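To start, the structure itself, in structure tokens.
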Amino acid sequence: MNASRKEAGRRRLMPNPTLRTLAAIATACLLSLMAMIVGATPALAHEELVGANPADGATLAQPPASIQLEFSAELDPAFVATTVTGQDGGRWDAGPPQVDGRVVTVPAQTAVPAGSYTVGYRVTSNDGHPISGGVTYRVTTDNSPTSTAATPAAPTSAPASDVPPSSAEPEASGAAAMPIWPWLIAALAVVAIVATVVIRRLGR
């Protein structure tokens with residue numbers, strides 16, 4: 001009788017193999033989801049313009065020969081378009097933009113009248129996220145020849161009509177604008193609940 005009781009007690013103390021397997025699977029899933037969240041965190045932030053030279057809103061005595069735009073992610077050179085537009089609507093860019101990783105250099109004419117200028121851009125990062133907007137600067141010195149007006153610049157690497165003329169807010173595609181972190185957190189919560197239930201049952 002005592003031997004039977006000891007055997008029964010020993011069986012109760014031994015974890016159920018199925019529950020033990022479920023606990024291992026739940027733990028593995030939990031660790032995998034945590035790794036995914038940590039790895040995806042940098043990608044969850046939207047790409048954006050992080051700097052410009054001249055800076056947005058700058059006032060300059062002389063017009064710049066080029067404007068540099070720096071973004072938070074590397075860009076796809078095939079999908080970069082820019083314009084330099086004067087306050088009268090004339091185009092004052094001097095050629096197609098040059099792309100070097102995260103930096104876009106926009107050539108600009110220097111024989112320009114005094115006034116405000118807007119550098120419009122539409123770019124796409126390597127992960128397919130579109131960014132558009134613009135920066136402005138003001139030139140205080142009139143450098144334009146008396147008989148010269150703004151002339152169309154050489155075509156950029158994308159249609160000029162696709163480039164916003166003003167400093168609009170960056171926009172995102174539908175897929176890129178939908179964040180994935182709520183789904184990751186929900187999945188993490190489900191796995192955590194399952195793991196908690198399994199561990200409690202193992203402890204009985």
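Positions of Cβ are set from backbone N, Cα and C atoms, glycine also.
Residue counts of the domain 'CopC' (46-139) by helix, strand and coil are 0 helix, 58 strand, 36 coil (DSSP-based). Residues or ranges marked as domain 'CopC' in TrEMBL: 46-139.
The region 'Disordered' annotation in TrEMBL covers 139-172.
Summarising the annotation, TrEMBL assigns compositional bias 'Low complexity' to 144-172.
Taken from TrEMBL, the feature transmembrane segment covers 180-199.
Confidence over the domain 'CopC' (46-139), given as mean pLDDT on the 0 to 100 scale, stands at 95.
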